[in-house]
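Here's the structure we're looking at; comments come further down.
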Amino acid sequence: MANVTIIGAQWGDEGKGKVVDWLASRADIVVRFQGGHNAGHTLVVGNQTYKLSLLPSGLVRGKLGIIGNGVVIDPSALLLEIERMRDQGLHITPETLRIADNAPLILPVHAAIDRAREAARGERRIGTTGRGIGPAYEDKVARRAIRVCDLAEPETLDWRLDELLLHHNTLLAGLGAETFEKQTLRNDLIALAPQILPFAEPVWERLAEARKSGARILFEGAQAVMLDVDHGTYPYVTSSNTVAGQAAAGAGLGPDAVGRVLGIAKAYCTRVGSGPFPTELSDATGRLLGERGHEFGTVTGRARRCGWFDAALVRQAVKVGGIQGLALTKLDVLDQMQELKIGIGYRIDGAEYRHLPPGAAAQAKAEPIYETIEGWSGSTRGARSYAELPAQAIKYIRRIEELVECPVTLLSTSPERDDTILMTDPFAD
Ligand code: GDP
Ligand code: IMO
Ligand code: MG
């Protein structure tokens, strides 16, 4: 039985949440495998809108949700989100949600460092979500993290906090920010422990069992390939691997568990935060895309930068991300635009490139090479079958397929769950 892994193919906010929710009807388990509450996944189901950050989107369909070891978990944010979702009528209990006992925690000290460092960077800031994601991943790799399982061992918490604060308080003091008291952090963690621990377990064991019994697993990526810490527009990236390969390591399964890889891309392109964006439009067309697409960040409310579809970038994401099929979302936002452009490469210092080279200076200088394509006067909004699409919209999709060297297997034509067109079922054997 095929599993499916969903990843973003641009700089995030491509509509992963909507696609995961839609495909979750065919899955048994939905697993988050990287990132943290920097993600914001929006699901629109009838008159309800769900905004999920840490919780797997499959919970909305009543599927088992698993937060894997590759995720960084802010326990307070998790409990608040569970409360918020319960208020919206979702049933979230230790029966429906499991979290990896070896996942690292995000503590208030991480968010403080994140913000203090961004402030110190000034003009060169990354534009992080300020939620402590980067510092928490740094602590994991530095072997300084406090993990979910440590909540069950007050004596471990004690010396782990000593080590953590030795590092972070020195840094915070150097940045002129307020330092943290060990006792306060410890008391807060001990108070949270009884609320978090009932959800914790070695999820790798449950997942291994699920695989053996033929259950279908849907892996829900956060962020996107161009924000990947290795393959993205470094240093303007997040601090985790967002490519499909991470689904295995971030859940505690072998690489064969990843299954079919579906990349999600908008029919245009957006980015939140700083960093290179060759096809960005700072003109009226960019503003029009932003207004029509309601391009405001789910997590921070920041206006998203908008631009033309960059096929060179998505082609690169297809290759390094392991993407086998592309879901193209927000096609409706392009309705009635006379002319569309597609980025097919870059010009940097007079030389032409088919991909974005890794250097920060080169990336900042990259000028897009465009191909122009006629728009369509009809509407794709709410279309639920290929036959409803204007012929020119189909041409646009076909051209994208050629340029990114990957078939478009799913289309989304509005925020609403069922305004979706499936061409190839990724779960099919
Ligand atoms: P994610 O982070 O990849 O899950 O994406 P977000 O939820 O942050 O942002 C995508 C936004 O676009 C959300 O507000 C969705 O409701 C909305 N959306 C998703 N698909 C479509 C679509 O096909 N058309 C339109 N107009 N909006 C969409
Ligand atoms: P979803 O899952 C869009 C961006 C931030 C910033 C950079 C680093 O909703 O697609 P971080 O807080 O992770 O250290 O910030 O990454 N970023 C996102 N942009 N969508 C996201 O998630 C993002 N998560 C992080 O804006 O530029
Ligand atoms: Mg988002």
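Cβ coordinates come from backbone N, Cα and C, glycine included.
A quick note: this is a predicted structure, and the numbers were derived from the prediction, not measured.
Annotated GTP binding site per TrEMBL: 12-18, 40-42, Arg304, 330-332, 412-414, in sequence order. The IMP binding site annotation in TrEMBL covers Asp13, Glu14, Gly15, Lys16, Asn38, Ala39, Gly40, His41, Thr129, Arg143, Gln223, Thr238, Arg302. According to TrEMBL, the Mg(2+) binding site annotation covers Asp13, Gly40. Per TrEMBL, the feature active site, proton acceptor maps to Asp13. According to TrEMBL, the active site, proton donor annotation covers His41. Summarising the annotation, TrEMBL assigns active site to Lys140. The substrate binding site annotation in TrEMBL covers Thr298, Val299, Thr300, Gly301, Arg302, Ala303, Arg304.
Here the features listed in TrEMBL are painted onto the structure.
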residue	record	Cβ contacts under 8 Å, 6 or more apart
Gly15	GTP binding site	Ile264, Lys266, Ala327, Thr329, Lys330, Ser412
Lys18	GTP binding site	Thr42, Leu43, Val44, Thr329, Ser412, Pro415, Arg417, Thr420
Gly40	IMP binding site	Asp13, Lys51, Leu52, Ser53, Gly297, Thr298, Val299
Thr129	IMP binding site	Asn38, Val299, Thr300
Gln223	IMP binding site	Gly8, Gly12, Gln34, Gly35, Asn38, Ala39, Thr238, Ser240, Thr242
Gly301	substrate binding site	none
Arg302	IMP binding site	Gly127, Val272, Gly273, Phe296
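Screening the binding-site residues Lys18, Gln223, Ala303 for a C-beta under 6 A from any atom of ligand 1 leaves Lys18. Thr413 (GTP binding site) sits 20 Å from Arg304 (substrate binding site), taking the C-alpha atoms as the reference points.
If you take the Cα of His41 (active site, proton donor) and the Cα of Arg304 (substrate binding site), they are about 15 angstrom apart, rounded to a whole number. Checked against ligand 2, the binding-site residues Thr129, Gln223, Gly301 give Thr129, Gln223 in sequence order as having a Cβ less than 6 Å away from one of its atoms.
When the binding-site residues Asn38, Thr42, Thr129, Ala303 are checked against ligand 3, none has a Cβ within less than 6 Å of one of its atoms. Taking CA atoms as the reference points, Leu331 (GTP binding site) and Arg304 (substrate binding site) are 17 Å apart. Reduced to three states, the DSSP call for Lys18 (GTP binding site) is helix.
Using the Cβ center of Thr298, Val299, Thr300, Gly301, Arg302, Ala303, Arg304 for substrate, the list of other same-chain residues with Cβ within 8 Å runs, in sequence order, Gly40, Val272, Phe296, Gly297. Straight-line distance linking the Cα atoms of Lys140 (active site) and Ala303 (substrate binding site), rounded to a whole number, equals 31 Å.
Highest Cβ count within 10 Å among the recorded positions His41, Lys140, Arg304: His41. Same-chain residues at least 6 positions away in sequence with a Cβ under 8 Å from that of Ala303 (substrate binding site) are, in sequence order, Gly290, Glu295, Phe296, Gly297. All protein chains considered, the CB of Thr300 (substrate binding site) has 16 other CB atoms within 10 Å.
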